[in-house]
Amino acid sequence: MSLEVEDRPSVEPIKQLKRQDSLYGDAEKVSSAKYHGSEGSWSRLLQLAFQSVGIIYGDVGTSPLYAISSTFPDGIKNRDDLLGVLSLILYTLILIPMVKYVFIVLYADDHGDGGTFALYSLISRHAKIRLIPNQQAEDAMVSNYGIEAPSRQLRRAQWLKQKLESSMAAKISLFTITILGTSMVMGDGTLTPAISVLSAVSGIREKVPSLTETQVVWISVPILFALFSVQRYGTDKVGYSFAPIITVWFVLIAGIGIYNLVVHEIGVLRAFNPMYIVDYFRRNGKEGWISLGGVILCVTGTEGMYADLSHFSIQAIQISFNTVLFPSVALCYMGQAAYLRKFPENVADTFFRSIPAPMFWPTFITAILSAIIASQAMLSGAFAILSKALSLGCFPSVQVIHTSKSHEGQVYIPEVNFLMGLASIIVTITFRTTTEIGNAYGICVVTVFSITTHLTTIVMLLIWRKKFIFVFLFYVVFGSIELIYLSSILTKFAQGGYLPFCFSLVLMALMMAWHYVHVNKYWYELDHIVPADEVTALLKKHDVRRIPGVGLLYSDLVQGIPPVFPRLVQKIPSVHSVFLFMSIKHLPIPHVVPVERFLFRQVGPREHRMFRCVARYGYCDMLEESGLFKGFLMERLKMFIQDEAAFETNSTTGDSQTCSEGSACPIVPSGQSGNINSDLVEKEKQLIDAETERGVVYLMGEANVVAGPNSSLVKKIVVDYVYAFLRNNLTEGEKALSIPKDELLKVGITYDI
């Protein structure tokens, strides 16, 4: 049914509760959870380092397939240019992946979780920058929250915190660059399979010269189709068998590099002298600057080290990068440069032409497998980041399938997988060559680098509180490098560079439209809540009868009675014997331990058996299956009732104490309180068990949000068309919450915002 919400005057702010929730004691006893691989023996650390090779280095490890050919799209004009480009590649690998990420950015983790979204969440815990006002004082008591207010002596951190919290422009800017980073990562997930598979398959033309470019494209398409089809099985099903394959790949490219150095020209090792970079730009000028768009492709996939941090540890990634990835990739590039010093005409197919004949087929097969692995891991990372973005309320509640029971963070989103797979195949068929796809890919890579630099700078100032000179050097050095690369890649905007911009702008527009309406919808509900002390009068007014069972009414509000409730009892004047106002809330931390999951409040007098419950999750937590959730919820509710009774028993004074939303704790004579409370608690717990056996009904408000009559044309388009389209085609709230259809009741309601 569709119900129109009547205008209600804004209610007064909800009073601050005078006592802590029932989980307060538990929260103090629970130690902080450790992330995967956070500690352990050296053998465990080396095992994680080995596994990280297969999971996070596939993308950057396959960059030698296309980086140099993309740097010289028009051929090599001067053989000394090879030394300049090799020097650029080596120092780009050293500065960005090694110095910036491995030794600095990896430490900006959010309880072991990394990535753009983790940085935003880390900042939002130390400064109130989120646009939805659902923060609660109890959130900071969660053991993993780990917040430490900036010291008063450190004026800079305090000043920055105040500026971020008081400036709406700063909040919107941080949110915008966060979803821009998410959009660019989604672009990475679309382009990585296209460029990796196409570049690997094109190697077959070395042995079958009669194959045309079109035929290579059509060989790549079924591989891409298969890649996206098996994504539903998740990285962990095959991911931890990836390490041996990628390790073989690194051994092969390192060996081929050494072979080319010895056979062709070992003198290219002098490219470690950065003066060759100066000579290169002096000799080529603007063309040298434009070629940086190809050089940057040598570090594609670097962000994956940070985004996949939750699966490993900082030390494991540092070991694997410095002992496996960097030496292998550097040797490969040096070998390619040595080969091209003698055969500059083969620059378009450098990698496969530089392979010794006996090693061609093993390398070719391993290259295809490595390209598939790199693509699959990147897709898994893109899904994980998008699933985290759901907790910001900036994307519809699509179904997120967790593909692994043993490894957290491995998720699959069917609708998004289909759209990304379709886009990747279209890109492959349309662009046909790795050069133009590389132009698009480079923009995604550099934009994400720049966003990470800006957010990490804020973390250094606000949370780490490093000396200003160190923060300044970090921002200026890496910000300048990334700006130079970005300015270069933008010159190829018309040659494929426009693709990620268009893709990201569309995705950003959809995400911002959804978040805009989501925030306004929350504020509307907040302005039209029913105070808890009016519940009794509301039930009497509509002569509401209590029916058997347990009712769970879901809403986004974390306190107060949502406006859908009075409309519900007006049309259907009945409420279940045990009734809970449920809210699913995502905290800006990766995980919330189960014992701290629920916050309860009693609503109205005890005999109403009505409660407010907030179920808190981290942005990496998966929601429990319906049966498990229901059982855990009822157990925690009984514990809450017992804790409330214990609190009343310990209150020996005659003063009234506020222990629920708008209701006073009854005053019981201290001599009788123990027995009375014990009997009441047992009866209440038995009643909850009995009503649970009779059935649980999930009630969800199906809000039809429309723009108000005085809204602007842009707002009407955003609310009435864009948001409505996304809600009607992508929203699957009941699936996201794992609610059985036969236990679900939707209540229609219209909001004019």
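Each Cβ is built from the backbone N, Cα and C atoms, and glycine gets one as well.
Predicted automatically and left uncurated, TrEMBL annotations should be read as such.
Note that this is a predicted model, so its numbers are computed, not measured.
Look at TrEMBL and you will find 48-536 tagged as domain 'K+ potassium transporter integral membrane'. TrEMBL lists 548-753 with the feature domain 'K+ potassium transporter C-terminal'. Per TrEMBL, the feature transmembrane segment maps to 82-108, 172-195, 215-234, 246-269, 289-307, 319-339, 359-386, 416-434, 440-463, 468-486, 498-517.
Here the transmembrane segment (82-108) sits against the transmembrane segment (468-486); at least 3 CB pairs are under 8 Å, leaving out pairs fewer than 6 apart in sequence. Long-range neighbours of the transmembrane segment (289-307) within the same chain, counting only residues 6 or more positions beyond its ends whose Cβ lies under 8 Å from a Cβ of the stretch, are 56-61, 63-64, 66-73, 85, 88-89, 92-93, 96-97, 101-102, 105-106, 114-116, 185, 188, 192, 281, 317, 321, 329, 333, 374, 377-378, 381, 384-385, 438-439, 441-442, 445-446, 448-449, 452, 484-485, 487-489, 491-492. If one looks beyond the transmembrane segment (215-234) by at least 6 residues along the same chain, the residues whose Cβ comes under 8 Å of a Cβ in the stretch are 193-194, 197-198, 201-202, 204-205, 368, 372, 375-376, 379-380, 401, 403-404, 410-412, 414, 417-418, 420-421, 424-425, 428-429, 432. With a threshold of 8 Å between CB atoms, the same-chain residues lying at least 6 positions outside the transmembrane segment (416-434) that come near it are 65-66, 69-70, 186, 189-191, 193-195, 197-199, 202, 213-214, 217, 220-221, 224-225, 227-229, 231-232, 379, 382-383, 386, 398, 440, 496, 499, 503.
Listed stretches 172-195, 246-269, 440-463, 498-517 were compared with the transmembrane segment (359-386); the greatest number of C-beta pairs under 8 angstroms is found for 172-195. The transmembrane segment (498-517) is not in contact with the transmembrane segment (246-269), judged by fewer than 3 CB-CB distances under 8 Å for residue pairs 6 or more apart in sequence.
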